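Lifted from TrEMBL, the feature list:
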{"type": "TRANSMEM", "residues": "A:6-25", "note": "transmembrane segment"}
{"type": "DOMAIN", "residues": "A:7-144", "note": "domain 'DUF1468'"}
{"type": "TRANSMEM", "residues": "A:37-58", "note": "transmembrane segment"}
{"type": "TRANSMEM", "residues": "A:78-106", "note": "transmembrane segment"}
{"type": "TRANSMEM", "residues": "A:118-143", "note": "transmembrane segment"}
Amino acid sequence: MRLPDFWTGLIFAAIGVAIAAYAQTFHVPAGAASPKLLPTIVGSFMALFGGLIALRGWQETKQVALPGWLAAPRQVILVVFLPAAVLAFGLLAPVVGSTVMAVTILTLHSILYGIRPIYALLLGVTLGTLVTLLFIHGLGIPLPAGLVEELFS
Amino acid sequence: MTAVLDGLALVMQPDVLLTMLISAAFGLFVGMVPGLSATMAVALLVPVAFTLSPVAALATIITCSAMAMFAGDIPAAFLRMPGTPASAAYTYDMNDLVRAGRTGDALGMSLVSSALGGILGAIILMFGAPLLADFAINFSSYEYFWLALLGLSCATLVAGDDALKGWLSLTIGLFLSVVGLDFVTGIQRYTFGITNLQAGVGFISVMIGAFALSELFRKATTSHQAHPKPRLDITERPLPRLNSLWQQRKHIVRGGIIGTLIGALPGAGADIAAWVSYAISKRFAKQPELFGRGSAEGVAGAATANNAALSGSYVPTLVFGIPGDSITAIVVGVLILKGIQPGPLVFVNSADMVNAIYIVFLLANLILVPLGILAIYLGRTVISIRDAILYPVILLLCLYGAYAVSNNMFELWIVLGIGILVWIMQENNYPAAPLILGLVLGQVVEQNFMSSLIKADGNFINFFNRPIAGVLGILTLVVWFYPIVTGVVKKMRSNEPINDET
């Protein structure tokens with residue numbers, strides 16, 4: 001999403017100020033090395049650069065260019081699907097297992113990209129199971145287990 | 001000699017050779033798909049590399065990146081679309097040569113030149129890095145502080161066309177590097193009571209978010225565009241004829257040297273090396289008029305340079321622990337995660353591993369030729385793979401890769417947060433590379449800054465007291481202030497005629 005430099009600069013400047021201000025709450029022990037020194041410098045520079053970007057783009061404050069994909073429902077769903085898939089995997093995989101989540105995510109994602117549901121399901125089951133088995137048995141990574149993983153263990 | 005043999009023994013392990021072969025196939029595959037970069041290939045491989053031995057992990061990264069670099073030329077030849085940014089300089093030449101039925105002079109030339117460039121770069125790395133390490137062995141925290149700061153400064157200068165946004169991106173990376181427990185005092189910074197943040201923001205998760213998930217977001221917004229289909233056929237032998245190769249010898253040697261030197265500069269990666277070498281090859285070419293319209297000379301010079309740059313970027317990485325580009329930033333992260341601190345002492349303490357790296361470079365570039373020929377034939381099929389298959393699998397690799405970092409779902413939230421942040425940043429022309437360098441170098445900068453400050457008892461003059469530290473400090477200040485001073489001078493000069501008229 002293309003936003004005017006004025007607003008992105010202003011947002012980063014505000015974050016920079018917040019970082020520097022929060023650093024002032026750190027407890028400083030006696031001695032030269034203060035844990036708040038670098039965060040203060042980093043926050044200040046972020047505020048400075050953000051401010052300069054905002055200043056440079058102050059004449060374009062109202063030139064908000066809405067991206068073309070917002071008018072295409074399938075692309076909006078594809079964009080929304082990504083964080084939804086990450087959240088769903090993070091919250092549900094420990095409950096239902098990695099394979100079920102992998103198959104579901106692969107199938108839905110493929111359908112959204114335009115594959116017919118039956119082929120998407122076939123693809124989801126094959127690749128979802130293969131990649132999960134590769135991580136668990138090939139690389140020894142203990143992915144969250146569910147019913148399917150218990151069958152193979 | 002013993003260290004070389006020890007290094008050879010480390011490489012000639014079945015697990016190392018097997019991972020090299022698998023990562024080669026993966027690198028060739030990712031490099032062939034337009035839009036997926038060598039950095040993304042490496043970012044997706046890091047969680048896997050993390051489970052391997054240090055040598056196998058490094059072999060995985062080196063092989064994968066070398067293969068991806070060459071494989072980027074395949075869509076350039078068939079689709080007129082570079083697979084990776086490093087192939088952009090000579091894309092039109094590649095495509096026009098293949099159209100003319102000269103596959104050997106296009107893909108074959110690029111394949112052999114890439115392998116020769118990688119080998120030449122590795123030889124320069126083998127002889128140059130230890131010499132530099134001998135020089136750097138007496139460096140103290142002052143010199144390392146300035147070096148890391150100089151690396152950060154140079155990186156932002158070449159990060160994109162908007163230096164100010166590059167600097168801002170760098171501060172975001174530096175901020176991420178200070179999250180967690182302070183290494184001197186043990187005080188929690190920006191953890192907000194979240195236990196998982198005490199060890200800091202996971203570097204691998206940031207890499208996956210910045211280079212893989214953000215790319216999926218970008219792809220989702222452009223998915224309506226038709227997937228290109230290769231229409232060209234391979235009608236000739238895939239390798240160049242020996243006399244054709246011999247004619248390009250000067251371009252290859254020059255490209256190798258230029259690529260290695262540019263690769264060794266912090267922030268200047270393979271794509272810049274390819275462009276510079278392409279321009280210089282044109283200057284010395286017998287037929288400069290063919291450049292951009294099917295020049296084998298341009299392909300030879302630039303394809304050599306981008307693979308040589310890959311080897312060159314390991315010079316500052318190994319000698320100083322300062323990454324030359326995003327891929328070597330990952331290497332520094334992996335080395336540290338594996339308990340190996342890059343720097344001049346690595347040549348003494350882990351000489352066998354350093355030699356193993358040289359051998360891996362030579363081996364990776366040697367196997368590039370046979371695997372590359374295979375990739376040329378399979379390329380037409382691979383670049384026809386539908387987005388509907390490719391991108392869901394990449395999403396799954398992102399999820400599993402992030403989880404594999406610490407077997408903790410928390411890493412997924414970091415991937416998601418960074419993925420969205422970098423996607424929005426890139427949509428608004430903020431580069432992502434300085435953020436990664438800031439995250440990796442932030443800790444080096446702070447640790448050396450704090451150590452120096454304690455040694456100097458708070459007196460900043462001591463940062464310039466040692467000769468090399470003084471030179472590096474002044475150099476850093478010049479890099480900082482040169483653009484400002486030249487900008488002001490330019491503005492004053494452009495105002496002069498107006499003043500005269502008034």
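For all residues, glycine too, the Cβ spot is worked out from N, Cα and C.
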For the transmembrane segment (A:78-106), sequence-distant contacts whose Cβ falls under 8 Å of one of its Cβ atoms, 6 or more beyond its ends: 69, 112-113, 120, 123-125, 127-129, 131-132, 135-136, 143-149
Folded-back contacts onto the transmembrane segment (A:6-25), same chain, C-beta under 8 angstroms, at least six residues removed: 36, 39-40, 42-58, 60-61
Within-chain partners of the transmembrane segment (A:37-58) [C-beta distance under 8 Å, separation at least 6 from its ends]: 4-24, 26
Residue counts (helix, strand, coil, in that order) that DSSP gives for the domain 'DUF1468' (A:7-144): 105 helix, 1 strand, 32 coil
